[in-house]
Amino acid sequence: MSDDSRPSPHDGPAAARTAAVIPAAGRGVRLGPGAPKALRALGGTPMLIHAVRAMAASRAVSLVVVVAPPDGAAEVKSLLDVHALPERTDFLVVPGGRSRQESVKLGLDALPPGHDIVLVHDAARPLVPVDTVDAVIEAVREGAPAVVPALPLADTVKQVEPAGTPGEPEPVVATPERALLRAVQTPQGFDRATLVRAHETVTGDVTDDAGMVEQLGLTVVAVPGHEEAFKITRPLDLVLAEAVLARRRLNDGF
Ligand code: C5P
């Protein structure tokens, strides 16, 4: 079944239009030296193109805004031009900022009117399946102001008193109950007005957009995430991503 024939809960005339903002302006220093992380190849295709296709795979998404490295907007524009992308989706490229938060804000500022739901998706999560994207959109459509895909943790998590020097032993101060914890992924989905207000109001450092909505005192809900929506941060993550792509190609071949 092609993506176009996939039944979708978002097909009706009343369906709110969804835009996806992809912050892709980070250097990715933990991945080692080289091109900005989003432009590195995965299965021969830049990670960013995988991420853009993952958002555009949802029939609800009619616009994708890519937030490029500040000195790489032209390169990103030409990448989007040369790679096949769905015709039903529009694309915009804007230069990013110094922090992820600033980059997302610049992406939001570039959104034209008419998109009431906004997804924010890390370029560093190129392999998120379309069913996860659709589940996030659906939960926003059902009335949640903010939605995160999330998975239970395999590891027990300890809170420590961070050592001043890397490698020094760190005193453990607490062990949160693992069953109550979730590892949060992207795309995170938002009622557009709520996300805009969060970015105008919250100034402290945050590591995700839903955290800003929490700071407004609003409820954020979690829906099931997917193990293939993992974030590519370290070199080993690239090995895993190549293996996931190889398995997909094998499955598509049959
Ligand atoms: O650094 P981290 O892995 O948390 O970055 C998450 C996402 O935010 C990546 O897709 C990265 O490109 C993006 N980012 C950005 N602008 C920055 C820093 C990170 O768009 N200044």
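Note that Cβ sites are derived from N, Cα and C of the backbone, with glycine treated the same way.
Where the annotation comes from TrEMBL, it is an automatic prediction and has not been curated.
Here's what TrEMBL has on this protein:
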- Arg30: site 'Transition state stabilizer' (SITE)
- Lys37: site 'Transition state stabilizer' (SITE)
- Arg178: site 'Positions MEP for the nucleophilic attack' (SITE)
- Lys231: site 'Positions MEP for the nucleophilic attack' (SITE)
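Annotated features taken from TrEMBL, shown on the structure.
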{"residue": "Arg30", "record": "site 'Transition state stabilizer'", "Cβ within 10 Å": "12"}
{"residue": "Lys37", "record": "site 'Transition state stabilizer'", "Cβ within 10 Å": "25"}
{"residue": "Arg178", "record": "site 'Positions MEP for the nucleophilic attack'", "Cβ within 10 Å": "12"}
{"residue": "Lys231", "record": "site 'Positions MEP for the nucleophilic attack'", "Cβ within 10 Å": "14"}
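Straight-line distance linking the Cα atoms of Lys231 (site 'Positions MEP for the nucleophilic attack') and Lys37 (site 'Transition state stabilizer'), rounded to a whole number, equals 11 Å.
Cα to Cα, Arg178 (site 'Positions MEP for the nucleophilic attack') and Lys37 (site 'Transition state stabilizer') are separated by 31 Å. Look at Arg178 (site 'Positions MEP for the nucleophilic attack'): DSSP puts it in a helix. Secondary structure from DSSP puts Lys231 (site 'Positions MEP for the nucleophilic attack') in coil. Here the Cα atom of Arg30 (site 'Transition state stabilizer') is found 9 Å from that of Lys37 (site 'Transition state stabilizer').
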